[in-house]
């Protein structure tokens, strides 16, 4: 249909529609659209229909918006406005590739339209189409050479394409156009100079970068960045004396910065340990109260010299009452010799302080205050906890609590000791005690909630967090709004442990949405940073966004989701009623009656909770409606609701698992778990080449990893058994690669070789035992013996590994072995007396963890039981 041109009156109305859209006056814009479209001559005016659709989209009416924009486009295919509007609509739905196509079509009909070019450049940088971004920025530079954003955008395009020299030339040409006095301090010009220097450094032009820095030093506001950069450049250029002077100057600014001491070491190049120590001894004299110059030598000293320096460091900290001293020294615990020296010194302090209130009976000087002994005991509790002696650790912390029962840090450490000893419920109880001492401390509140979640006390954790969340909304919803991912990952783990897979997956998807939001949020910064010239931070932001899903929170959420989907594939959820019928078929009348009572109570409790939840939801909806009515313009539509039941009953769990796996394969290649999870998925999908690829990638990271060994045996065995059904090409590739991985052997021999090579490691023995049973179920007895050995000479004979062995005995990986499991549990209970996992079968916790001792719900339930 040919385009209809508007007469002056309607054209003026159309311009007002554009202004209303720009100023977010959407309802006024719709009125003007109506005035044009109500005229029969212009009822099908393409550009007006498109603008009406765009306005409706901003009011959340998405379907109607798409219909109108498409109708407008059909009526005027040669209109750049219609194509531009269609692109904006696609952009609002995060369909960036489609939006780019629309913008390109718009530019066919108006190639020099600045707004379309700017919008296109934003999408190109968002999608990291760097070649396209460079071309678009070049067009913008040609059209608006006087605008600084045109120059800077073009330079950034070359910088991101790693053509540093070209980027530096463009920035220099632009800098010449800036009229600034050498004595005038201009923040934006200062940032431009620092960005230019960064580009020169990344280009490897260190000499030019140093000259540039010295030339414009007076005009740069960030003096600290100037000095730090100068120090790095002087080191790169081997001007070591000058570099040493710079780092000494930086030390005077901040004697507690570790990096300045490392820089000074590089500049002075000490030949031996004593020369290296001399650097720090000079700092002791200059900064007598400095902790860092006393702490850093402990990393490289040993023997008597280490003991002497450690003695001074510990005395200084214990006298001052410095709680984080253990965390400061934690990295030294990798060295057994240093651990022994630490223990000797601190135990000696405790003995001496008790007898004569001095660190050493031979000391001359004033007596230490009673608090010094407290901090020594506090340290010793953490020390013995770290080296795996919880009983001694508890003795020290209990003594400290008896002397000072109001110090929160003591209760925190007691909770940690119980957690490390395997009793998370007792740990949560003590963390709750700590929280009760200071209910206004948000850190303790969060710590307490975290421990409760680890103990699977989700409701109690939510109540704990509600003390610091917004009133009027539930704590969970508010924490989700605030992107509180530590809470959500812990929640997901707790729900998974309770086999509430739907709820766990909901949390994983909420975390996934946070990362999508963070990626989308960078959109606003593409224009803001150009305008404000915060270019160093902008480039850092872009680099961070590229690897965002490397973050531990995403990895944890993805791991939990993948593990759940693998379980759902292996054991799909069945109808609950059928399960209950099967469970109750063999019960006695008394047991059945007890079960029915329990079910009724659970049903009643669930009903009350549901009513409470609905009431909260209604209240929240009323608040949202009120907010919507008050706010003249509501933008965007609601997100799709995450329903746990639907998430748990997904038809293709492996496909869903792959969605979480893909970012890990791209960004977390260095973690072996990524490739082993990939193997587990492809093994179930029977994708042999992808299984082989996953095993090879994992093998390159850690060839002797226990889980990798299991994967290799399963691949080897499956390939041997099922190779006849594969195509010739796949079979040939498999044969070649398998020979490289395994040599001329069979799965059984390969497993035996692995066992001989790692016979002193408990995790490796467990994996080998699993494979013994997997390859030959008649060898169950030998497999159980291999897994359940608790010899003192074994490495990694820790709580976590022993729990994994017990779980293996229970889950059927070694066949039916309940008797062996019970014997192993009893043996482990002697080794780890506090661990809940190894408590006797009749053992029941006599305490319930609730928020600050409120156990009314538990008392009511107990009364019902009686």
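Including glycine, each Cβ sits where the backbone N, Cα and C put it.
According to Swiss-Prot, the feature repeat 'TPR 1' maps to 46-79.
For the repeat 'TPR 2' (80-113), the model gives a mean pLDDT of 91. Positions annotated as repeat 'TPR 2' by Swiss-Prot: 80-113.
Annotation comment: Swiss-Prot describes 148-184 as repeat 'TPR 3'. Residues 121, 130-131, 133-134, 137-138, 140-141, 192-193, 195-196, 199-200, 202-205, 218-219, 530-531, 533, 535, 538-539, 542 of the same chain sit 6 or more residues outside the repeat 'TPR 3' (148-184) yet have a Cβ under 8 Å from a Cβ within it.
For the repeat 'TPR 4' (224-257), the residues of the chain that approach it from at least six positions outside its boundaries are 194, 197, 201, 206-207, 209-210, 213-214, 217, 263-264, 266-269, 283, 286-287, 290-293, judged by C-beta separation under 8 angstroms. Summarising the annotation, Swiss-Prot assigns repeat 'TPR 4' to 224-257.
Contacts of residue 262 (N6-acetyllysine) defined by a Cβ separation under 8 A and a same-chain sequence distance of 6+ are given as none. Here Swiss-Prot flags 262 (among others) as N6-acetyllysine.
Listed by sequence, the residues of this chain that lie at least six past the ends of the repeat 'TPR 5' (374-407) yet keep a Cβ under 8 A from its Cβ atoms are 317-318, 321-323, 325-326, 330, 333, 339, 342-343, 346-347, 349-350, 353, 413-414, 416-418, 420-421, 437, 798, 833-834. Swiss-Prot lists 374-407 with the feature repeat 'TPR 5'.
Listed as Cβ neighbours of the repeat 'TPR 6' (409-441) (distance under 8 Å, sequence separation of 6 or more from its ends, same chain) are residues 323, 378, 381-382, 385, 390, 393-394, 397-398, 400-401, 447-448, 451-452, 454-455, 457, 464, 467, 799, 803, 832, 834-838, 845, 847, 849-853. Residues or ranges marked as repeat 'TPR 6' by Swiss-Prot: 409-441.
Among the features that Swiss-Prot reports, repeat 'TPR 7' is placed at 485-522. Long-range contacts of the repeat 'TPR 7' (485-522) within its own chain (CB-CB distance under 8 A, at least 6 residues past either end) are made by residues 94, 126, 446, 449-450, 453-454, 456, 458, 461, 465, 479, 541-542, 545, 548-549, 551, 553-554, 556-558, 560-561, 563-564, 567-568, 573, 639, 642-649, 660.
The feature region 'Interaction with HYPK' is assigned by Swiss-Prot to 500-866, with similarity to another entry given as support.
Annotation comment: Swiss-Prot describes 579-594 (among others) as compositional bias 'Basic and acidic residues'.
Summarising the annotation, Swiss-Prot assigns region 'Disordered' to 579-642.
For 606-621 (among others), the entry in Swiss-Prot reads compositional bias 'Basic and acidic residues'.
The feature repeat 'TPR 8' is assigned by Swiss-Prot to 672-705. Residues in the repeat 'TPR 8' (672-705) partition by DSSP class (helix H, G, I; strand E, B; coil) as 28 helix, 0 strand, 6 coil.
DSSP classifies residue 735 (N6-acetyllysine) as helix under the three-state reduction. What Swiss-Prot records for 735 (among others) is N6-acetyllysine.
In three-state terms derived from DSSP, residue 756 (N6-acetyllysine) belongs to a helical segment. Less than 8 angstroms from the CB of residue 756 (N6-acetyllysine) sits no same-chain residue that is six or more residues away. Swiss-Prot lists 756 (among others) with the feature N6-acetyllysine, giving similarity to another entry as the kind of evidence.
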* To do: Specify the count of other C-beta atoms within 10 Å of the C-beta of residue 735 (N6-acetyllysine).
  => 11
* Structure fact -> What DSSP gives for residue 262 (N6-acetyllysine), in three states, is helix
